[in-house]
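**Q** As annotated in TrEMBL:
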| type | residues | note |
| --- | --- | --- |
| BINDING | E82, D128, L130, D131, D258 | Mg(2+) binding site |
Amino acid sequence: MFTRALSRLSVGFYPQLLRILATCGTTVSRAGRIVRAVSENGKLGIVDKGWNDLQTEADRAAQRCIVASLSKSFPNVTIIGEEETDPNEDIKPDWVETSLDENILKHVSNFPEEWKDVKDEDIVIWVDPLDGTAEYTQGLLDHVTVLIGIAVKGKAVAGVIHQPYYNYKAGPGATLGRTIWGMVGLGAFGYTQKQPPKGKNIITTTRSHSNKVVTDSVDACEPTEVIRVGGAGHKVLLLIEGEVHAYVFASPGCKKWDTCAPEAILTAIGGKLTDIHGSKLQYHKEVQHKNTAGVLATFSVDHQWYLDKIPQSAKDALKP
Ligand code: AMP
Ligand code: MG
Ligand code: MG
């Protein structure tokens, strides 16, 4: 009793944005366990939401878990998730995860002044319960991430990227999963930051949503190697871990829930994520969900160099 009362009291001392981020930290791991459980069970329940836009039972269940958890703790904050699921349908009691991640809370002493008095009505939480669904259905499990991004007044400021299958090639008994998190002004944690190899120009792009504009734009950036993998979350992890120099995607296919958490984490360490014209993406609640002018993300290289290389024909085709 005493411990509970004390921890409830101490929660009051944390800024709201840190409480939200710390709840995202525990909730995203719970969603990751659901994603693994669905694939172990084998009943993926695949639905095609459009042309080459898949949804599985893992997408649906992970979103229910995240939305139920965050809306219980933060009823006045807007939450926008990728999937159209009934938030009250089929919620299992152990899917509601409202505890706070201690590893995130312990950064309270360095919490940025700028975010101390953020109001609930200025916050939008963008949820991609499973990024890389096409790859998930094909067994390319290391491409899969769960993304929760937090925007304040339309800017991506904090987020978590959870990789439920991290370590899965290490064999039986290995601990699966990791969470990378960050906040602008505080930094990013949960991974080892590396610089990409010098003398090369490695570009990552989509493997399952390509077209001529996408490939022409990648080619125009003069890559020494192209890494085609699934998921916006996974590709930004390749960037911050020094596997690639740039993520180039000249297509309107990515949505705000794909980019909010990756952009916040990338920005927190000095990287950039913009559209292919170099404009910042917006994340307020009325914004259109599609990133109609594509995505260009870089870390530790000259962002403008890539912007200048994107062909004018792609820029003409992809308007904000
Ligand atoms: P990818 O790099 O193909 O894995 O795409 C990154 C994210 O954007 C994933 O969530 C995809 O589902 C989404 N996406 C990209 N292109 C399209 C598209 N043409 N149609 C639907 N979703 C897309
Ligand atoms: Mg996605
Ligand atoms: Mg998704």
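Just so you know, glycine gets a Cβ as well, placed from its N, Cα and C.
Quantities reported herein were computed from a predicted structural model and do not represent experimental measurements.
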**Q** Identify which of the binding-site residues D128, D131 has its Cβ surrounded by the largest number of other Cβ atoms within 10 Å, counting every protein chain shown.
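**A** Ranked by Cβ atoms within 10 Å, first place goes to D128.
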**Q** Return the residues near D258 (Mg(2+) binding site) by Cβ distance under 8 Å, restricted to its own chain and a separation of at least 6 in sequence.
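**A** D128, D131, L147, A232, G233, N291 - these are the non-local Cβ neighbours of D258 (Mg(2+) binding site), listed in sequence order.
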**Q** For the binding-site residues E82, L130, which one has the sparsest Cβ surroundings, going by other Cβ atoms within 10 Å?
**A** E82
**Q** Which chain neighbours of the Mg(2+) site, leaving out E82, D128, L130, D131, D258, have a Cβ atom within 8 Å of the mean position of the site's Cβ atoms?
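**A** My list of surrounding residues reads D59, V127, P129, G132, T133, T145, V146, L147, G231, A232, G233, K255, W257.
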**Q** Running a distance check here. Ligand 1 versus the binding-site residues E82, L130, D131, D258: which have CB less than 6 Å from one of its atoms?
**A** D131, D258
**Q** Where does D131 (Mg(2+) binding site) sit in DSSP terms: helix, strand, or coil?
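**A** In the DSSP reduction, D131 (Mg(2+) binding site) maps to strand.
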